[in-house]
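The next block holds one structure in the form of structure tokens; read it before the comments.
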Amino acid sequence: MSIEAHGPGLLQEVKMADQSLLSESALGWSIFALVFLVILSFSWVYIRKYQSRQESEVISTITAICALAIALITSALLPVDIFLVSYMKHPNGTYKEWAEHNETRGQIEDTVLYAYYSLYSILLFCVFLWIPFVYFYYEEKDDDNINKCSQVKNALKYTIGFIIVCAALLLIGAFVPLEAPPNQNGTQWEKMQYLFEELGNNHGVPALSFSISSLTLIGMLAVITYRAYGMSVLPLNLIKGTRSVVYERLENTEDIEEVENQMEKIKAKCEDGRPLSSRDRRNLQEFEDKLQVLQRRGRHLEIAESHCCTKVGSALRPLKILLGIFFILFALLFVVALFISNLDKALHSAGITSGFMVFGTNLTNPLNELLLTLQPVFPLDYVLITVITMYFVFTSMAGIRNMGIWFFWIRLYKIRPKRTRPQALLFLCMILLLIVLHTSFMIYSLAPQYVMYGSQNYLLQSPMPPGNNTTWTTKTCDADAPQDECTVTRSYLFLHKFWFFSTIYYFGNWVFIGVFLIGLLVSCCKGKKSVIEGEVEADDSDMSEDEYVH
């Protein structure tokens, strides 16, 4: 029966629903465009702030800005995923008119899934091809006798190793998880043909998921190293503040006088024409190098004392203390929630072979309960999950900035304002890309029920005595809900295909908690930072010093 047969009233309702959906879709795209512009602008400002003015290059700068923007956009996809599955239903547990059909819901779910495929594929391209190529291309530039063609050729030669690793991960993910061919007595060609047909039917989802999960393990190591430390050092630096620039200048002047006195004592030994011993010459050279560093510090401190940012920072000191207290409470809330979630898995999961997976929450998780409490007041829960995601990214950036880039016990690069080399910026962006991959799973560990179902509710029929009317009760979606009543986020389905990865993530969370507590203790014991922290190092060249000062 046509819509017109039901009367003009129903037709008008359908038109209004379509117009409402179109307007909401337009609003959503407008918000997405605005967020994209904000992320791109932030990435440009951040990279330009830390980029070395002396060694900057267009290709490395563009690569770093785009990679950082991709990392931030990917991290923002999880709140969108949670919002869309929640937006399909009313608070009373019924589906909205436009989402009542499975086909409509399936289209939205596929759109989100394709967004994950696209962004994760771009991440693979950045990590295994684009960033390594640009890194080696810039390294080859140091050779003055090489032309552009040879420079590109050598960069591609070194990048092939990354491509081989990516291809190996894709092949393992494509073929290992698949079921055995039904015809075990077939030829090897028939078995291979079956595997390729299965790969085509699945659109390569297991391959991509395995590759991303493998990179997530590396991201987990970066999270344990940098984010755990950043969550402690960022708020405590805000609370403690920096040392007084006037006191630092006085202390630096005294150090300069002491070094000059030591140099005069050594030079006095050769006033009668006798040559200095090798030990005295070595000590004199060390004092001269130290004096140069102290003099550079003096120039930087003089600039910092007269700079308006220093005066504004002093005026905003109470606000920084409040912000630091808020951040440390935020960090403690995360660690407590992560501890309770891991304890829940240890007590109520099926163990290692299941990946320590727990559907729902058996212990009261403060962060999960907070998100579920805020969900009736739109859009507070989505704002909070977005803030959590961005907080994780920015604390990771703070950890990298304070620690530098390390390979085991060897520090490769420093991250300093206006002094960071292009290679260090590329490493920074690659680490952030890997960290973002692990962020979705960590947020799931913090609030598993909310990340799986968002703010969805469903109607449950309550048993009543015979002859009485049926009553329906609204319940929050969990693992016990009927399959058609609750929609699971695409992020959960994508990142939990392989149980052994979830097992490694579980133990990684325990290590993260331990490293955070150690970092918190170290940050508490450290004194205040210098007002020119990281601006002057002994290995700085005079050319970069002159460029920075002027």
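Just so you know, the numbers here start at 1 and follow the chain as drawn.
Glycine too: its Cβ is placed from the backbone N, Cα and C atoms.
What TrEMBL says about a protein is an automatic prediction, not a curated fact.
Annotated coiled coil per TrEMBL: 249-304, in sequence order.
The transmembrane segment annotation in TrEMBL covers 26-46 (among others).
Taken from TrEMBL, the feature transmembrane segment applies to 58-78 (among others).
Feature annotation from TrEMBL assigns transmembrane segment to 114-138 (among others).
Sequence annotations record features per position, and here TrEMBL assigns transmembrane segment to 158-178 (among others).
The transmembrane segment annotation in TrEMBL covers 207-229 (among others).
Outside the transmembrane segment (321-340), and at least 6 residues removed from its termini, the chain residues within Cβ reach (under 8 Å) are 231-232, 234-239, 241, 363-368, 388, 391, 395, 442, 445-447, 509, 512-513, 516-517. Under the heading transmembrane segment, TrEMBL lists 321-340 (among others).
Taken from TrEMBL, the feature transmembrane segment applies to 382-412 (among others).
Feature annotation from TrEMBL assigns transmembrane segment to 424-447 (among others). Taking Cβ pairs closer than 8 Å, the transmembrane segment (424-447) reaches residues 47, 50-51, 60-61, 63-64, 67-68, 70-72, 74-75, 78, 120, 123, 126-127, 131, 134-135, 138, 212, 215-216, 218-220, 222-223, 226-227, 334, 337-338, 341-342, 365, 367-368, 371, 385, 388-389, 392-393, 396-397, 400, 405, 412-415, 491-492, 495, 505, 509, 512 in its own chain, all 6 or more past its ends.
Residues or ranges marked as transmembrane segment by TrEMBL: 498-522 (among others).
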What average pLDDT does the predicted model assign to the coiled coil (249-304)?
82
With Cβ-Cβ distances below 8 Å as the criterion, list the same-chain residues six or more beyond the ends of the transmembrane segment (114-138) that contact it, or say none.
57, 59-60, 63, 67, 70, 73-74, 77, 80-81, 151-152, 154-156, 158-159, 162-163, 165-166, 205, 208, 211-212, 215, 422-423, 426-427, 429-430, 433-434, 436-437, 490-491, 494
